[in-house]
Amino acid sequence: MTLGPLMLDVAGTELCDDDRRRLSDPLVGGVILFSRNYRDPAQLAALCEEIHALKAAPLLIGVDHEGGRVQRFRDGFTRLPPMRSLGAIWNEHPQRARELARETGYVLASELRAHGVDFSFAPVLDLDYGASSVIGDRAFHADPQAVFQLGQAVMLGMKDAGMAACGKHFPGHGFVIADSHVDIPVDRRTLGDIARADLVPFRLMVEAGLAAMMPAHVIYPEVDAQPAGFSRVWLQKILRQQLGFDGAVFSDDLCMAGAAFAGGIVERVRAALDAGCDMALVCNHPELADEVLAKLDVDWPAPARARLARMHGHPAHAPTMTALRESARYAEALHHVAGLGRDSAELDLSDPTDYCGRA
């Protein structure tokens, strides 16, 4: 049995019968967790264990757990800094910022792995132009090289803990003001302008071995009329062929307003998969998930299944939290990360991405 091309969410802190029915469907290959799915560490570990036990080929479990405003699990987890705080340190001490970024990635990933989560949709590789409120302090910096250096360090820290990284939002969401959760943003720059700036960290992260990518629900009309997540130009010609990316591609949530361009939910899923996504996310609308499961008919290629299988967390890096706390590596990382950026994080804890998933 192999992973299907759909990633769905679940209703609460434990699986209900409808969750089990949906997740057992052959089309489903993953689950994304939200803050509503978390009560405490023991409950999360039990939920992940039950999800993984549903199929012979365990479902992928992913989460948006970046730090700052976007951290689904808080009580019982280390409060991670907003990535902009690492960029501020970079301005004065680049090497120190890289070290802290790697430690942040390690703490992020090791705590998630200890509870059974396979991967986080992180790091954010968008540039901080100061225009986008939905990106904002989720971005490391305005300088493409700084974003790459810090993003690579976070990725390496995640790898140290047995977790693959997923960069987002290809080819860059930071320049537009509109929020793709509630609108369809349009970036009217030329491909040359984008390639000289926003594409740089994505290109360098591909060269550094990034395992997965999430495209933006943004239209770049000078390149293609389709939003990037539905565009064969962006996903096949540029990402796969020109940049040489051979990792997994996850759509952003296809229930967001930025995805409405492609039609109804079944049409959105088909369009995303046809464009080059390996897994399509359908979140926060169980009735739409049921519609997709009833109507979607896809011939799922073996290379896509293989790319997704590489996103499973490494089993050798999944100690219990008790064992993790006794680890010298974790203790050292925690010493550096705990409290980092706390002042800026506490100014605004409203999650700009969790419109329907907020507990």
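A Cβ is built for glycine as well, from the same backbone N, Cα and C atoms used for every other residue.
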Worksheet item: Among ASP64, ASP183, which residue does Swiss-Prot annotate as binding substrate together with ARG72, ARG138, LYS168, HIS169?
Response: ASP64
Worksheet, complete the sentence: Whole-Å Cα distance, LYS168 (substrate binding site) to ASP252 (active site, nucleophile), is 9
Practice prompt. Note down the number of other Cβ atoms within 10 Å of the Cβ of HIS169 (substrate binding site), including every protein chain shown.
Written response: 26
